[in-house]
C-alpha cells in the first residue's frame with residue numbers, strides 16, 4: 001500500500017492539466033445527456049464502463065435517434081479504432097502488470113496514452129503503480145465531471161458550443177511538452193507531415209485513423225533512421 005501511495009503522489013501532478021480538461025468536457029457530456037432526459041445514473045454508468053469521450057458524445061445522438069444496436073456497435077468501432085494503435089504500442093509496458101492489465105487497457109484514452117508516454121516515474125517508484133495511478137486519476141476526473149454536469153444540467157440549461165476545443169488545446173500543450181523534452185524531433189515532424197497530408201487527402205471525417213496507421217507503419221519501417 002505504501003508503494004502505491006508513493007506512485008500515486010508521483011503521478012498526481014502530471015494529471016492536473018487533464019483534470020481541468022476532463023472536468024469541462026465531462027460536465028459538457030453530462031449536461032447534454034441530461035437535456036435528452038437521462039439522469040445521473042446513466043451518466044455514471046457510461047463514464048464507468050464506456051469511458052470514451054468521443055463515443056459517449058456520439059451515443060447521445062444515437063440514443064436520441066433510437067439507433068439500432070448494430071449501428072451503435074459499428075459507429076463505436078469506427079470512432080474508437082485508433083485505440084488499437086495505442087494498445088499495440090503499450091504491449092511491452094503492460095505485459096507484467098498482472099491483475100491491473102484489464103483496467104489499464106480499459107482506461108487507455110487519448111490523454112492517458114499521451115501522459116504515459118510523456119512522463120516516467122521517479123527513481124524508486126513502481127512503474128506499474130505509476131501507470132495505474134495516472135489511469136485511475138484521469139478516469140476519476142471524467143466520472144466526476146460527468147456527474148456534476150448531469151446534476152447541473154438536470155436543473156439548468158447551458159450553451160455548450162465550442163467546449164470541444166478544450167481537449168484539442170490540451171493535446172497541443174502535451175505535444176509541446178514532449179517536443180521540448182526531446183532533442184530528436186524527427187518523430188514529431190514525421191507525425192505532423194503525415195497528419196497534414198492525410199487531412200488534405202481524406203478530410204476531417206476519415207483522416208485520423210488513416211494517419212495513425214501510417215504513423216505506426218512509418219515508425220516500424222524507419223525506426224533506425226528516426227533514432228539517429
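A Cβ is built for glycine as well, from the same backbone N, Cα and C atoms used for every other residue.
According to Swiss-Prot, the feature transmembrane segment maps to 14-34 (among others), an assignment based on sequence analysis. Proximity of distant same-chain residues to the transmembrane segment (14-34), defined by a Cβ-Cβ separation under 8 Å and at least 6 residues beyond the stretch ends, is recorded for 40, 42-43, 46-47, 53, 56-57, 60, 111-112, 115, 118-119, 134, 137-138, 141-154, 158, 160, 163-164, 166-167, 169-170, 173-174.
Feature annotation from Swiss-Prot assigns transmembrane segment to 42-62 (among others); the stated evidence is sequence analysis. Cβ atoms under 8 Å from those of the transmembrane segment (42-62) belong to residues 25-26, 29-30, 32-34, 36, 71-72, 75-76, 79-80, 83, 106-107, 109-110, 139, 142-143, 146-147, 149-150, 167 of the same chain, restricted to positions at least 6 beyond its ends.
What Swiss-Prot records for 130-150 (among others) is transmembrane segment, and it gives sequence analysis as the kind of evidence. Here the transmembrane segment (130-150) has Cβ contacts under 8 Å with residues 4, 7-8, 10-12, 14-15, 18-19, 22-34, 38-40, 42-44, 46-48, 51, 53, 93-94, 97, 100, 103-104, 107-109, 111-112, 115-116, 119-121 of the same chain, all six or more residues outside its ends.
Residues or ranges marked as transmembrane segment by Swiss-Prot on the basis of sequence analysis: 156-176 (among others).
Residues annotated as transmembrane segment in Swiss-Prot: 192-212 (among others).
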